[in-house]
Every structure is written in C-alpha cells, then in structure tokens.
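Lifted from TrEMBL, the feature list:
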type	residues	note
COILED	452-493	coiled coil
COMPBIAS	431-441	compositional bias 'Polar residues'
DOMAIN	11-75	domain 'DUF1899'
REGION	409-450	region 'Disordered'
REPEAT	84-126	repeat 'WD'
REPEAT	134-176	repeat 'WD'
REPEAT	182-223	repeat 'WD'
C-alpha cells in the first residue's frame, strides 16, 4: 500500500461521553462484611437496593429469611442482626416497591408472595408477620416484578408455569385470587421485564423462547422461534423498542442478542462472548443508554453503549475483579452520588467472603461542579396512576424526577456545592420534590418556601418550568411557520387553477 493511501486512511472513532467510564469498588470500610448470603442455586439477583435500604436473601435453617440493612450500615454486620423471616420455605426473590422505599415483596418455595412493611429506622427485631400474603400458585414462586408505573400492582411467576397479576390495595390481609392468571408458557419462566410504560411484558422461559404479551389481558403478541439463540434472561431497552437477551449460542457459547420488539423472528444483532457456563445478568440504564453484562461466578462486568441505528451495540470496556459475584443489586438513579459523576452503582454479592461490595461506575470529569449533561430527568418514586386506572385500560409513562441538588447523607441541599444525590426529601411537611408526568410539572406542595432548602428547590423547579415553556414556544413557532407555508402553497395552487 502506498504512503499516500496510508495517510488518507482514518480510523472510524465514535464520539461518546461514556467512552472512559470506569468501575470504582468501595473500600473495605464501605462494604457490608459478614453477610450470610444464601447458597441457593436459583439464578436471581438475590439482592435489591433503594436509596435507604439494601436487602439480601440469607442462608438460614428452617424456613426462609432475608436481611434488610440501612444503606449506611457498612462494615461488619452483626451475625445476629434481626431478619425478615415469615416464609416457611427458602426465599427465592425479593424486590423493593419502586414507589415506597419502606415496602418490599418476597416470594418463596412455600408457594406464597408476601408484602412487608419495613420500619423507618430499619429492622430492629425479627419481622414475621407480612402486611399482605398472596396465595394462588400451586408450586414454588421463583420471580416477582412490580409494575413500573401503576401503584399496588405486582406480578409473580412460579414453577406452575403461571404468571399472576395481583392488586394490593384491597382490605384482605390474605389475597387468594389474583386479578388474572396468564397461561402462555410451557415451562418455568426465567425472567420478566416491562417496557417503559408497562404496556408490554417480556419473558424468557426454560424452553429457551422469548415471549412478549399484554400484561393486562394476557394476550400473546410475539414469540421467538430461533434455533441459533437459547435465551436465558430478557430485558426491554427503555424507549428504543428493542429487547436484549442473554443466553447461549448453538455451540453453547455465552451470547447476547438484540431483537426488534415487533418482530422476534430473528435477532437484529448477536455476539458470542465466551465459553463460560454462568448465567449472564443484563442491566440497562435508559438515561445513558448503557448496557452492563455481569456473569454469575465472574469477576468482570462488560459494558456497552446502545444506539437505535446499526450496529446497535458499541463495546466500551470491562471492569475486572478477582472477586466472583453470585448476585447483583442495583441502586436506583435517584440514590446516586452526582458530585463524583456516578452514573450507575452495583452491589456485588461475593459469597466466598460473605461480602457485599458496592461498585460505582464513574464518568471521569476534571471539574467538580454538577455535570448536567450526564444527568437527564430520571424515573422518580411517584406512580403515574392507580391500580384501578391501569386495570381500566390506561397506560402512562414514568413520572420523571427532576434531579434535585440534595445531600446523600443528610437529605438537605448543600449551601455551597452542587448536588451529591438524586434522593428526594421524604419529610412530607417540608418536601417539595417536583415530578414531570406527560410533560406537566406536578409539585407535591405549592406553599411558599420557608427555608433556604425549600427556596433553592423552588428556584430549580422554576428554572425547569421556564425551560419547558421555552421549548413549547419554539415548537409552536416552528408549527406556525409550517402552517403558514402550507397555506401559501394551497393559495398558489388555487391561483394556478
């Protein structure tokens, strides 16, 4: 090849603000040490996190239990720490209510799903009586999933191959009849995932098929019949109208595959990763469009950026560690430390050391000021609708949280520095957290600000309102110009006639 041709060649670099994201594990003092993590072989996350608590399924004799710790309760955990222990069989899955940081659901081998209230100051004594008990499955219940936008709606699936829909805002303490029982699976369901507004539910099954159906009616909409990819876990990719599945190829290599949610006949993209045997857990961040792939029994976490155009999946790099993870918890975006440019946080369950290790994904920035470009509005902790509205056929998008500049540890705005957390205030008397639902600002309280913190929050809300109104004006100006042009064209065509 001539020198001139060599000089004319240019590598095709893809610009991305997340190209240099790196994983930062917590120090020993900021880990949770001495946690008796369950030895169950069930391929679930085994851990769930919110901005106040971390819950993990534990090993125990006689029945099933899980541990709930304050998010700041790091260091050595008391081996006799009180637990939530009302199940008669091993606990298989736990999930925090996305709209209530003090409510958690669990399911078990005893065929029940139970809803628990956690005291504001944490679990100070063993909790054995749930707020609600859901009895409907005939065999052990392996998975639960809260509806992403409707309040008091939860889904469960078990080894009876049924997916059951439950409404919780009923007077009965023991609920024996689900709203609906969906029978579209021929084997055990391995994972469930909702799209953004909760109008579609995707499942992966032990028969290696992916199914998409209407969660309200149970109508099957799509089903894979692809021999080249055996799906194990499935995930909706935000508003991209795509599904991501992890599983195995025909040659038993671990594989990821991307699907069009309207056409599951063949994957749009697939990639073999390696020949290991552990299940691959996918995690997707719709705010940054980043995909994280963590293998059970692996120490590394691969991460990618997803785009709506080909080639869809762009490999960034991987975090490597010698500590293998058995399960993973993920902190909601409203609980991250925005002062350190943290965009994602895992909680790795390291069974061999009885350790839970927080792992922060950081965007390196030289400036210590608030980086607005990497923190768009994110999912808040306010439901978009009631259970009855959803049952009646209504679909609404997520209520988005304007990222208040609040301190992660104290829950108050710093007087000098930018935000350190997306966690909204929970003091009902003084909180003025603002949400955006369907483009409308909805303030929880409209009373005049009484403190400097409230005044600062009010200022941010007004800034956001001004920005939104400016956008609406610009859109209307564009629309007016389009209509004027259309009228002019119509008049010209009439004059020519």
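In case you wondered, yes, glycine gets a Cβ from its N, Cα and C as well.
All annotation found in TrEMBL is predicted automatically rather than curated by experts.
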Helix-strand-coil residue split for the repeat 'WD' (182-223), DSSP-based: 0 helix, 20 strand, 22 coil
DSSP residue counts for the repeat 'WD' (134-176), split into helix, strand and coil: 0 helix, 22 strand, 21 coil
DSSP-derived helix, strand and coil totals, residue by residue, for the repeat 'WD' (84-126): 0 helix, 22 strand, 21 coil
